[in-house]
Amino acid sequence: MGLNDSSPGAMRNGRGLSDQWAESVVVRPRTTERHITVHKRLVLGFALSILTLIIVTAVAVVLSVRFEECGGRDRDGATGESGSRSPGGSAKLNGSRGERTGERGDEETVQPWRNTRLPGTLRPRHYDLRLAVYMDNFTFSGEVSIEVECINATRFIVLHTDRLEVDQVSVTAEGGAGGRPANRPGGGAMRIHRHFPFPANQMYVVVLHRELKPMRVYRLNLSFDATIEDELLGFFRSSYTLQREKRYLAVTQFSPIHARKAFPCFDEPVYKATFSLSLRHDPQYTSLSNMPVESSSLSDEDGWVTNRFSRTPRMSTYYLAWAVCNFTYRETQTDSGVTIRLYARPDAISSGAGDYALHITKRLLGFYQDYFKVQYSLPKLDLLAVPKHPYAAMENWGLSVFQEQKILLDAEVSSSSYQMELTMVVVHEICHQWFGDLVTPVWWEDVWLKEGFAHFFEYVGTDFLFPKWNM
């Protein structure tokens, strides 16, 4: 209705126009006391929420500070550091606030053992490894002396261990990289601040008071104890039955990262070094390794035998191998003078089950030497047939280990397909004596360097042995 509406009802009384405006206009209700109370509650609730948030934040900050303080003492301890031994071997708690701000200042900021890869500040040159093997309770103890060259100055010696109980640790300065003797009081002994395991990365850490100098040679000595495992990795045990008697053997499987289960080492393929190994065990067993036995002696006290093996060529830790067993063997020799032996259960050897693999291995060594124009590097090659193994075979340099069914052949009952499969496995592993053992990938991303060539030569080598198979 417009303002100039003159209809009779428009001004029926003096309130007509105002009533119409009142009906058309939305009137804001008055703020009552109840509404004011509601607003007060909302404000109070909001204030309480802010206060609660401040309190929770303060508690979280206090807890984080306490956690960091505990971490200095226990975080390393939770992963093996708190129970570290002093250089004398006694247990010692570490990580106090004074240590963190003073002597361990650089350690807290660097901590190279928290990386998954070794820091690269040290390079191993030679391992002198001595083991005593107890087959009655499946344990072994050892001492390793590692000659290392310092590449970059560091106070930390970081290497790999896994499931090893390290006892005593010492470090001595040997001299310059050229072998010059160390002219230091105390025979070049280095003071050790502490040493501890770091199981999260399967590492062992030795912290020194003073830095190791670049281009200098040092010697790291560690003694340790461990168990001969039953999981087919590291230094593990297996068994077989002969004349209703259960017999045991122990053998290694270090590829790719299980040498650290058997001895402290720089367990990455790039860290090649030479190895001198000694095995002490009950004389009823035979011991084998990559190299021939250099010397053997009997103890006057317990009658145990100690076999010391010749020094290996430079090689990666995962190719070091040894075995303690009571197997027998058959052997042959190549034209170049390399001795080849096949070790297996006595009944398998007596039945001639290993003769086929022994025969083709002799031919293959000659074939590969002519093909690659590179001589086989070791004086012997042992083939070991074990009842259980995680892989079909492992190409340890000079001591290749096979599952029994991948190397033992009964010519009277075995099928031609079984013979072909066995042949290709042997051809593959013998090729690894060059591609893998002699030439090794720097890291596992280049594993094609050994596995690609070995797979290819499964066909080339088998074709050489049996042209009529048309491989």
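Using the three backbone atoms N, Cα and C, a Cβ is placed for every residue, glycine included.
Automatic prediction, not curation, is the source of TrEMBL annotations.
Copied over from TrEMBL, here are the features:
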- Glu429: active site, proton acceptor (ACT_SITE)
- His428, His432, Glu451: Zn(2+) binding site (BINDING)
- 124-319: domain 'Aminopeptidase N-like N-terminal' (DOMAIN)
- 356-471: domain 'Peptidase M1 membrane alanine aminopeptidase' (DOMAIN)
- 73-110: region 'Disordered' (REGION)
- 42-65: transmembrane segment (TRANSMEM)
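Annotation for the recorded positions Glu429, Glu451: lowest Cβ count within 10 Å of the residue's own Cβ, Glu451.
Counting residues of the domain 'Peptidase M1 membrane alanine aminopeptidase' (356-471) by DSSP class, helix then strand then coil, yields 60 helix, 16 strand, 40 coil. Same-chain neighbours of the Zn(2+) site beyond His428, His432, Glu451, judged by a C-beta within 8 angstroms of the site's C-beta center, are, in sequence order, Glu395, Glu429, Cys431, Phe435, Gly436, Lys450, Phe453, Ala454, His455, Phe457.
A gap of 10 Å separates the Cα atoms of the residue listed as 'active site, proton acceptor' and Glu451 (Zn(2+) binding site).
On its own chain, His428 (Zn(2+) binding site) has Ala393, Ala454, His455, Phe457, Glu458 as residues at least 6 apart in sequence with a Cβ closer than 8 Å to its own Cβ.
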